[in-house]
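Asker: Here's the feature list from TrEMBL:
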type: BINDING; residues: Thr182, Lys183, Ala184, Asp185, Gly232, Pro233, Ser234, Gly235, Ala236, Gly237, Lys238, Ser239, Ser240; note: GTP binding site
type: BINDING; residues: Cys313, Cys318, His320, Cys326; note: Zn(2+) binding site
type: COMPBIAS; residues: 1-12; note: compositional bias 'Pro residues'
type: COMPBIAS; residues: 35-56; note: compositional bias 'Polar residues'
type: COMPBIAS; residues: 355-366; note: compositional bias 'Basic and acidic residues'
type: COMPBIAS; residues: 367-382; note: compositional bias 'Basic residues'
type: COMPBIAS; residues: 383-392; note: compositional bias 'Basic and acidic residues'
type: DOMAIN; residues: 134-290; note: domain 'CP-type G'
type: DOMAIN; residues: 143-288; note: domain 'EngC GTPase'
type: REGION; residues: 1-69; note: region 'Disordered'
type: REGION; residues: 355-392; note: region 'Disordered'
Amino acid sequence: MPSNHPPPPSAAPVPSGTGEPDPLLLRHGWDDHWQSTWQTSRQSLPEATGTASPDSGTGPPQPGRVVRTDRGRCDVLTAAGLLHAEVPPALAVDPATAPATGDWTAVSGAGGATARLLAVLPRRNALRRSAVTGSSLGQVLAANVDEVLITVPLDVPLRLARVERLLAIAWASGARPVVVLTKADVVDDPGLELAEVGAAAPGARVRAVSTASGAGLAVLAAELTGTAVLVGPSGAGKSSLANALLGREALAVGAVRAVDGRGRHTSVRRELLPLPGGGALIDTPGLRAVGLPETADGVRRAFADVEELAAACRFGDCGHVGEPGCAVLAAIVDGVLPTRRLDGYRKLLREEARAAARTDQRLRAEQRRHRRSTTREHRRSRREREQERGDG
């Protein structure tokens, strides 16, 4: 697959010792935290032996960041350049722990398709969604991100419930959410939409931009720090926004149907690219369905206004369904809180509770399988010892 990444520098790669980090890694998010994590994690890595070569996939472990994943393979950017690696079966079993775009990893090799992916370094955080099929196995959309850019197109009616859902998974990741109203040139003044979305996004920045006119792009670009990930539905203008922030046509841009404003999945894989002003940007395919992860913290932060009102209710276990002294219902009567906000809050809390229950069931099943496996191993060992005593 073609690469949008710069060619490897002539300087030596980051050594496993104490040398200075390579500028290429620094451009892709390497910092003191990852240097410390690498020094700690590499102690447990199996040391590869032999001379590194494109065919052998051997050599000393080196750090690298996953910049692209695609069907059991991943591209890892190292100080030696871009390495193509197969994801080992042991790492690919669980979608929640499989290498994701943005992960920092340990790899061995000098290039080619036979590089060895040895381990995924412990994540700072991860943007996750749970499966919408009822399975407890979720999916990591991006790892080690600092900001989640939630794209909301203004050429179609606002869907605030979708914004709230994406805000919940963004807050749950530990990253900072930023709601980006795209295609702002299609409205005379985006002030009304900024206010409406801002009321549904307490604690989050809301910005309006236009890639056609350039409005708002400089402000948004100046605010980005670290690694940012773009999320949103197809046709929201994510790839156009990414190209504008990157300052070049790095990603393909697709057409949007005029009848409903929906677009094709122009981005077919998650890809990380360096931003010209520092930091990195991860583009993602359009999201049709977004199941919430099992933590309730994301919903509570997405609905911080409801939580603040609930703290003033007369009863600590108030369900906001008619209890005396309910501050939430009083705010609805006074027109301070839209009924829609309370309905969305309840719906997402119920969904998160179901996700947590599925996860608990899976963990209990895994524990049962582990206990059975351990019991079988103990019985086998006992039989072998008894047989040895009998033979003696």
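Cβ atoms are placed via backbone N, Cα and C, with glycine included.
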Asker: Using DSSP with the three-state reduction, classify Thr182 (GTP binding site) as helix, strand or coil.
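Answerer: In three-state terms, Thr182 (GTP binding site) counts as strand.
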Asker: Which of the binding-site residues Thr182, Gly232, Ser234, Lys238, Ser240 has its Cα closest in space to the Cα of Cys326 (Zn(2+) binding site)?
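Answerer: In terms of Cα distance, Cys326 (Zn(2+) binding site) lies closest to Gly232.
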Asker: Tell me, what is the mean pLDDT of the domain 'EngC GTPase' (143-288)?
Answerer: 88
Asker: Using a 10 angstroms cut-off on Cβ to Cβ distances, just flag whichever of Ala236, Cys318 is the loneliest among these binding-site residues.
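Answerer: Cys318, out of the binding-site residues Ala236, Cys318, has the fewest neighbouring Cβ atoms within 10 Å.
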Asker: Using C-alpha atoms, which one of the binding-site residues Cys313, Cys318, His320 comes nearest to Thr182 (GTP binding site)?
Answerer: His320
Asker: Give the sequence-ordered set of same-chain residues, not counting Cys313, Cys318, His320, Cys326, with Cβ within 8 Å of the centre of the Cβ atoms defining the Zn(2+) site.
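Answerer: The surrounding set, listed in chain order, is Ala310, Arg314, Phe315, Gly319, Val321, Glu323, Gly325, Ala327, Val328, Leu329.
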Asker: Out of Cys313, Cys318, His320, point to the one nearest Ala236 (GTP binding site) in space (Cα versus Cα); all of them are binding-site residues in the record.
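Answerer: Given the candidates Cys313, Cys318, His320, the nearest one is His320.
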Asker: Between His320 (Zn(2+) binding site) and Gly232 (GTP binding site), what is the CA-CA distance rounded to a whole number of Å?
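Answerer: It is 31 Å, counting Cα to Cα.
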Asker: On a simple 10 Å Cβ count over all chains shown, which one of the binding-site residues Thr182, Ser234, Ser240 is most densely packed?
Answerer: Thr182
Asker: Taking each of the binding-site residues Lys238, His320 in turn and counting other Cβ atoms within 10 Å of its Cβ, which one has the fewest?
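Answerer: His320, out of the binding-site residues Lys238, His320, has the fewest neighbouring Cβ atoms within 10 Å.
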Asker: Between the Cα atoms of Gly232 (GTP binding site) and Cys313 (Zn(2+) binding site), find the distance and write it as a whole number of Å.
Answerer: 35
Asker: According to DSSP, how is the domain 'EngC GTPase' (143-288) divided among helix, strand and coil residues?
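Answerer: Per-class counts: 42 helix, 34 strand, 70 coil.
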Asker: When you measure from the Cβ of Ala184 (GTP binding site), how many other Cβ atoms are you left with inside 10 Å?
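Answerer: Step by step: centre on the Cβ of Ala184 (GTP binding site), count other Cβ atoms within 10 Å, giving 23.
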